[in-house]
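Notes follow once the structure below has been shown.
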Amino acid sequence: MAQSGLLDALAERAVVLDGGLGTHLERLGADVASELWSARVLLDDPGLVLQAHRDYFAAGADVAITASYQVTYEGCARAGLDRDATTALLRRSVELARRARDEAGRGWVAASVGPYGAMLGDGSEYRGDLGVTAGELAAWHRERLRVLADAGADLLAVETLGSLAEVDAVVSALAGTGARAWIAVTPDGGRLRSGEPVAEAFALADACDEVIAVGVNCCTPGEVLGAVTAARGATAKPIVAYPNSGETWDGTARRWHGDAALPVELVASWRAAGAGLIGGCCRTGPAEIAAIAEAVR
């Protein structure tokens, strides 16, 4: 995994992540309402996924996050795909992002690894009540981490983790593999969705050599500054921050609520607090990423 150039870049400047892939695919005309979400587009219309990655690089993103968030062996099995087909889909997600990166002539590819709750599809990643042990979670994550690491991504983006147990599981699954990853949690009121302070998650991740950055995603913009400050107190590693637009996701009703605006004026404070990798998550698109790129350069 060729992440060394990314760390060199972070020593000199902020690195801009892309925005919501599912959001942009939907705006490009894709149907992302199925259980597989953007993974359905990866399966049925890979050219559209490639176009979405191209659009983000054109907007100023340095990092493409792959369309693998929802690609799990259990979820794909429910959609009729066997294990070999699911493995091929994971690899395709990396291949498409790499192609867009190569066309852009710059940047890095981060392979998205979604949480256990995303596979369940019941919003439990935003509640922290997964109902399985850390050991079971580690076993669940391990194979997907290996496939994506071997597929040629520069690093893994393990994201939207809502509980300390799942952070612990991912650290266990990564330890000793030689892979490189960031771990991003989804906070609410300065705590994980399972109730523990976010600083505990950052300290746990900091102890893992394979984790090269920690931070937050899939949260309101207002959560970011406090979380970045907590991260800087727990680790000297780079900090990643890519919040939603300001809306919140209701996993039961399967719809968004709240303010759709991403207040780009907050980016300077995130950067000053220590965030080095900055982008957007759900409900953000190329326009927001272009504004972030302008704000940090």
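Cβ atoms here come from the backbone N, Cα and C positions, even for glycine.
For 3-296, the entry in TrEMBL reads domain 'Hcy-binding'.
Secondary structure at C282 (Zn(2+) binding site), as computed by DSSP, is coil. Positions annotated as Zn(2+) binding site by TrEMBL: C218, C281, C282.
In the structure as shown, the Cβ atom of C281 (Zn(2+) binding site) sits within 10 Å of 27 other Cβ atoms. Within 10 Å of the C-beta of C218 (Zn(2+) binding site) there are 25 other C-beta atoms, taking all protein chains into account. Residue environment of C282 (Zn(2+) binding site) contains 21 other Cβ atoms, counted within 10 Å of its Cβ in all protein chains. The average pLDDT computed for the domain 'Hcy-binding' (3-296) is 92.
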